[in-house]
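Here is the structure we will look at.
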Amino acid sequence: MDVIYTLIPGMTFLGLVFFAIMIWAVKQGQYEDMEGNANRILQDDDEDMMP
Amino acid sequence: MVNQPGTLGTTGCFHCGLPVASGAHHHADLDGAQRSFCCPGCQSVCTAIFGAGLQGYYQRTPEGMLLAPPPEPPGDIEIYDFDEVQQEFVTCSGDLRDIHLLVEGIHCPACVWLIERGLQREPGVQSANVNLAAKRIHLRWDSKRNKLSSLIRALARIGYAAVPYDPENAEGVIKKANRSMLFRLFFAGFAMMNLIWISIALYSGANKGEFREFFHWMGFALATPTLLYAGYPFYRGAIGGLRAWRLTMDLPIAIGLSVTYAYSTYITVTANKIGEVYFDTVTNLIFVILIGRYLEGLFRHQALSATRRLMELQSRVATVIQDGKEQIVPTRGVKPGDRVLIKPGFKVPVDGIVLEGHSAIDESMLSGESAPVSKYAGAKVSAGTVNTNGALLVEVSSTLQNTTLSKIIRLVEEAQASKAPIQRTADTIVPWFVLVTLICATLTFFIWNTKSFELALMAATSVLIITCPCALGMATPMSIAVASGLGARYGILIKNGLVLETLSRVNHFVFDKTGTLTEGKMSVAHVCTTPLAARKDILRIAAAVERYSEHSAARAIIAEAEVHRLNFRDVTVREFHSVAGLGVQAEVNGEPVLLGSAEWLIRSRITLDEGLLAQARELEAQAMSCVHCALGNAHVAVFALADKLRDDARQLVNELRAAGIAMTLLSGDRKAVADAIALQLGGMEVIAEVLPQDKDRVIQRLQQGGKVVVMVGDGINDAPALVRADVGIALGSGTDVSLESADIVLMHNGLDKVRLATLLSRRTLRTIKQNIGLSFMYNAIMVPLAMMARINPLAAAITMPISSLVVIGNAARIRNLFKNEKP
């Protein structure tokens with residue numbers, strides 16, 4: 001059972017890393033526009049790039 | 001797209017899909033097909049889109065999506081080219097400039113495509129990014145190669161009205177505070193979830209074995225940052241409260257958190273073999289109370305923005321005439337006595353008196369009246385209003401702080417400052433509650449201290465923890481959050497949630513007349529003619545003449561002719577001229593036509609028809625203004641104009657009267673008109689001929705008489721009254737400023753929603769009371785048990801969330817109110 005001495009702190013640390021990533025993402029503005037980019041990807045504006 | 005409207009044969013406008021009025025002549029030849037449009041706006045926008053080769057826009061528009069006709073392009077955009085003006089909005093790096101534009105007219109993903117494509121074709125544009133959710137563009141361009149005004153104009157050509165905008169300023173401190181609160185909430189949630197696992201392990205037996213100390217230290221590692229970071233607002237609040245000699249809700253929370261944390265840390269550090277740690281309680285408490293705080297923060301009133309919007313109405317520059325030359329100067333440089341030229345389409349920068357020229361001025365932002373007002377030499381004009389069609393030379397009488405607009409701004413500010421802070425039910429009890437809790441805990445400690453110090457500390461701590469401030473702290477915000485959310489879905493936008501409580505105690509309603517109880521548009525109610533005359537011919541000729549006039553009565557007559565589908569635009573009108581306040585004169589088919597007051601006809605030596613005069617007198621008694629018409633020197637008709645009552649006004653007034661609520665009609669209009677409207681609604685107190693500045697004084701007088709007053713209005717002149725009233729309700733069609741000043745905004749102009757809002761507020765208040773009762777009941781049971789040292793940690797951990805859940809569940813029951821309502 002000694003494994004929990006490393007597993008629990010490890011998982012908690014991982015959780016903290018995810019939390020930090022989330023705060024970074026919010027501050028970056030990743031959640032600013034939830035609609036625009038979702039639709040932008042569907043628009044065919046690559047006609048001139050096609051061979 | 002299979003069915004594109006607007007091809008010939010169908011009736012929809014090619015651009016926006018609105019029906020095209022028959023007889024309208026807005027066509028364009030695009031890609032070899034003839035397209036028809038509803039208005040010149042749509043026509044020019046669509047032509048510009050095709051001209052730029054961006055017709056792909058129409059294929060990208062989602063099926064069934066109705067585009068709106070393009071908004072009016074913004075006026076005086078040249079001023080944004082001045083560096084001093086740009087400074088407020090732009091971040092520079094060399095010649096490259098960054099700006100955020102707020103855009104009106106974005107409705108679908110295709111607009112994103114069109115704007116980004118359209119802008120990238122303009123010279124000097126580095127990048128253009130549209131934020132669809134916030135309706136904003138982030139633009140980076142080279143100021144050497146292009147001017148900002150020409151970029152804004154390019155947007156206007158393809159149908160979008162854009163204005164520079166400073167996101168820092170506009171979103172402000174409140175939003176930032178809310179975001180940091182959200183981060184704290186996330187962190188507390190994260191720590192709480194992890195600690196629950198550790199607690200489960202401890203309660204299920206690990207507190208006796210070899211892992212006891214390890215779990216204690218893990219709890220310590222998680223709870224310490226949570227307390228310092230997520231719990232910081234409570235400590236700040238408690239200390240701030242103590243400094244101001246007030247017992248706030250934060251104080252027992254802070255003490256409870258500190259004591260619980262200190263006790264658990266003591267057990268952990270000393271490796272004590274019998275005591276329990278309560279790190280989970282610490283994080284739980286922080287998490288649950290933060291949720292309540294966050295919800296509360298969402299509904300905090302943004303008091304500043306109303307004044308800011310008002311300031312934006314003022315024009316920044318003015319064209320001053322000096323020694324016969326035009327000179328553009330900043331408005332603050334204009335002095336009384338200067339002569340200012342106001343070109344058509346521009347905002348009036350100052351208050352002044354017209355010297356030369358005549359024009360129609362749109363004063364809707366000041367008066368709420370939708371029709372432009374004619375101005376001739378000698379008339380007064382006010383800053384912030386818009387000059388619509390003719391150039392005016394104006395002598396400046398007052399500027400900046402002394403204009404009518406500024407006076408209204410000051411009234412709004414004063415009303416905001418003097419509005420008593422709303423005493424929340426919970427707030428009044430909290431200090432007592434806190435005091436009792438502290439006394440109970442101290443008593444418990446000293447009583448048990450005679451037996452053992454350990455036991456005394458535990459019992460006192462559990463009193464502090466178990467006195468659950470969560471349920472009490474969430475009772476009000478949770479109910480208001482549910483009510484606001486439901487209200488929004490049914491067209492009632494509650495901006496200041498706390499007024500829901502006030503609204504339930506209201507006993508006096510004040511209504512603005514024009515635009516609130518009435519539609520705010522003049523319309524022809526009756527056309528009386530002499531027996532010999534042909535009604536339709538008279539209306540056709542009258543409309544033909546009136547289309548050259550700017551008067552609101554003229555618009556009403558034209559609208560009436562359009563309703564009857566009369567073809568008046570082909571009638572040739574010669575020698576048109578008008579005299580302000582009297583009427584108009586012209587020649588049609590070689591015959592003179594006169595339209596105006598009875599006085600106007602008498603001046604031209606026309607004998608008035610007795611029968612028509614009698615009818616006119618009768619109509620005027622019903623508060624309709626009458627326009628007399630003479631054809632070929634014979635008095636032939638009277639047009640009676642009335643402002644229509646809103647369909648739902650009568651129903652609302654009847655319901656309020658049945659509920660025993662007093663009502664007042666407040667109007668700047670003539671007494672006779674206001675009286676007649678009140679009579680149509682079954683009678684109510686009328687205060688008419690009130691100046692805009694005096695409206696809030698009327699409210700104040702009512703309040704001093706002990707009334708709790710609701711003001712319902714829509715114009716800018718209602719703004720101070722909306723703020724002054726205990727609850728301000730604005731209609732969604734109102735001006736920006738009135739919307740900002742109101743506590744509640746009714747969308748889709750539904751006046752009948754006033755009743756629903758009242759019901760909602762009663763229901764919410766009842767729920768708040770029930771919730772406070774529930775949380776007190778919980779305390780009444782648990783506190784004595786804790787004082788007897790009979791609470792074990794497991795029981796505390798289970799009952800605390802349950803008390804919060806009960807409160808949330810009870811709040812959700814507000815939904816039942818809307819069972820029979822349509823969204």
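Just so it is clear, glycine is given a Cβ too, placed from its N, Cα and C backbone atoms.
The model shown is predicted, which means the values in this text are computed figures rather than measured ones.
Annotated in TrEMBL:
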DOMAIN    B:97-163  domain 'HMA'
TRANSMEM  B:182-202  transmembrane segment
TRANSMEM  B:214-235  transmembrane segment
TRANSMEM  B:247-271  transmembrane segment
TRANSMEM  B:277-295  transmembrane segment
TRANSMEM  B:429-449  transmembrane segment
TRANSMEM  B:455-475  transmembrane segment
TRANSMEM  B:771-788  transmembrane segment
TRANSMEM  B:794-812  transmembrane segment
Do any residues, 6 or more residues outside the transmembrane segment (B:182-202), come within under 8 Å Cβ-to-Cβ of it, and if so which ones?
211-212, 215, 218-219, 222-223, 225-226, 229-233, 276-277, 279-280, 283-284, 286-287, 290-291, 294, 797
Which one of these stretches, B:214-235, B:277-295, B:771-788, has the most C-beta pairs shorter than 8 Å to the transmembrane segment (B:429-449)?
B:771-788
Using DSSP, break the domain 'HMA' (B:97-163) down into helix, strand and coil residues and give each count.
22 helix, 25 strand, 20 coil
Excluding the flanking five residues on each side, which residues at least 6 beyond the ends of the transmembrane segment (B:214-235) place their CB within less than 8 Å of a CB in that stretch?
181, 184-185, 187-188, 191-192, 194-195, 198-199, 201-202, 206-207, 250, 253-254, 257, 261, 264-265, 267-268, 277, 279-280, 282-283, 286-287, 289-290, 293
